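Note sheet for the following structure.
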Amino acid sequence: MKFPAPLKSDSIKIMLLGSGELGKEVIIEAQRLGIETIAVDSYNNAPAQLVANKSYTINMKNKNEILDVIRREKPTFILPEVEAINIQALFEAEKEGFHVIPNADAVNKTMNRKNIREFAAFNLGLPTSKYEFVTTFEALQKAASKIGFPCVIKPVMSSSGHGQSVARSVDDLEKSWELAKEARGDASELIVEEFITFDYEITMLTVRNGVDTVFCEPIGHIQKDGDYIFSWQPMNMSEVAIKKSQEIAKKITDGLGGRGIFGVELFVKGDHVYFSEVSPRPHDTGMVTMITQSASEFALHVRAVLGLPIEYVTYGAGASAAYKAKEDSFNPTIDIYDSSFTKDSIIRVFGKPQSHVGRRMAVALTFDKDSSDKALQKAKEIIGNFKDN
Ligand SMILES: Nc1ncnc2c1ncn2[C@@H]1O[C@H](COP(=O)(O)OP(=O)(O)OP(=O)(O)O)[C@@H](O)[C@H]1O
Ligand SMILES: NCC(=O)N[C@@H]1O[C@H](COP(=O)([O-])[O-])[C@@H](O)[C@H]1O
Ligand SMILES: [Mg+2]
């Protein structure tokens with residue numbers, strides 16, 4: 001493969017659609033290979049825009065605005081980084097010969113819970129929670145009583161737990177309905193899911209470079225209000241559970257096709273593994289790989305996009321703890337003690353230009369050669385001392 005000596009007009013160009021903390025790391029990894037990078041998002045100074053060669057701020061739900069930047073920049077690869085993107089623009093770009101990662105159809109399927117759930121459960125026969133789709137409050141009541149309580153209610157299009165809630169009885173349904181409607185994304189249709197009382201949940205990072213499929217060590221994680229707060233790698237699993245998890249990850253990623261990394265989210269109860277959802281891009285819980293692997297999930301994504309070999313070493317166990325803002329601010333700063341910077345830790349501050357309570361602003365990554373538990377303990381301690389204002 002021919003790598004660019006800085007910014008030649010005929011060399012590889014990557015355009016990110018969505019420019020948050022995950023995209024920022026993708027851009028850095030691409031730039032390490034001399035690749036020209038363009039970061040697009042719906043607000044100025046998004047994390048990846050801070051490090052890209054060029055950036056655009058557009059309405060990401062607007063088909064023409066997306067197509068305009070694509071036609072103007074003619075990227076070699078278009079990497080969706082968020083779910084809220086005008087999907088017609090991606091189909092159109094693909095028709096015009098642009099390369100969407102992993103492909104527009106996979107992005108379309110995964111951005112909508114109805115599409116991906118039906119594809120996984122119905123077309124591929126993967127085990128999932130019981131589920132129903134509803135568009136009215138009456139239908140929600142019916143579906144919830146059929147599925148039983150507690151049940152989980154989510155807009156068909158949303159991420160990081162926005163608009164999601166658990167209804168424990170009929171009395172909670174009205175609150176769940178209101179919460180889902182307020183969510184960004186498409187809340188016109190909701191999914192009602194059986195609540196799985198899993199022992200633990202994992203992300204199986206699955207990398208496809210067009211030749212091989214490679215799995216990273218499983219990542220365990222804890223979610224609060226539908227959003228990740230802690231993750232660790234490796235998650236200690238039975239052989240059977242690992243094998244089933246990899247089988248499910250292989251089936252769903254083969255089904256979606258294309259090149260890149262995928263975050264396959266799975267619930268594990270005993271030796272039963274349930275498919276939950278999949279992101280066709282790096283995963284927030286996978287930030288831990290920046291400290292555990294010689295090539296992080298972001299580096300692997302770039303390699304996979306380019307069709308390069310997916311080889312790396314795992315150094316040992318690690319963990320991540322997300323820092324979420326406790327204050328609303330137009331000029332956020334984060335106070336971090338000097339003692340947070342140790343030989344076994346890495347701190348990443350995303351540089352988001354605005355904070356609101358609950359917005360993920362930074363992450364602490366920790367390493368322990370042998371124990372994910374010890375690494376997690378350290379990550380929690382570090383994050384516990386952060387303050388924002
Ligand atoms: N059916 C379920 N049973 C039990 N817990 C669930 C269920 N569905 C979701 N959860 C919990 O809520 C979390 C978030 O759900 P989900 O991944 O569907 O939301 P999301 O908004 O797409 O999140 P993200 O975009 O961060 O991946 C899950 O990781 C899990 O902890
Ligand atoms: N679970 C998906 C996820 O973690 N996505 C990451 O969060 C950013 C949005 O953050 P914001 O909501 O703070 O703007 C996205 O751009 C992506 O990097
Ligand atoms: Mg999820």
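Each residue, glycine too, has its Cβ placed from N, Cα and C.
Arg113 is the residue from Arg113, Arg208 that TrEMBL records in the ATP site together with Lys154, Ser159, Ser160, Gly161, His162, Gly163, Gln164, Glu193, Glu194, Phe195, Ile196, Glu201. Glu81 is the residue from Glu81, Glu83, Glu217 that TrEMBL records in the N(1)-(5-phospho-beta-D-ribosyl)glycinamide site together with Glu21, Leu22, Asp284, Lys352, Arg359, Arg360.
Taken in sequence order, the binding-site residues Glu21, Arg113, Glu277, Asp284 that lie near ligand 3, meaning a CB under 6 Å from one of its atoms, are Glu277. Over all protein chains present, the Cβ of Glu265 (Mg(2+) binding site) has 20 other Cβ atoms lying within 10 Å. For Glu201 (ATP binding site), applying a Cβ distance below 8 Å and a minimum sequence separation of six or more within one chain yields Gly220, His221, Gln223, Glu265, Leu266, Phe267, Val268, Ser276. Proximity of the binding-site residues (Glu21, Arg113, Glu201, Glu265) to ligand 2: a Cβ under 6 Å from the molecule is found for Glu21.
Remark: Lys352 (N(1)-(5-phospho-beta-D-ribosyl)glycinamide binding site) has Gly20, Glu21, Ala46, Pro47, Pro332, Arg359, Met361 as non-local neighbours, by Cβ distance under 8 Å and separation of at least 6 in sequence.
Among the binding-site residues Gly161, Glu193, Arg359, the ones whose Cβ sits under 6 Å from an atom of ligand 1 are, in sequence order, Gly161, Glu193.
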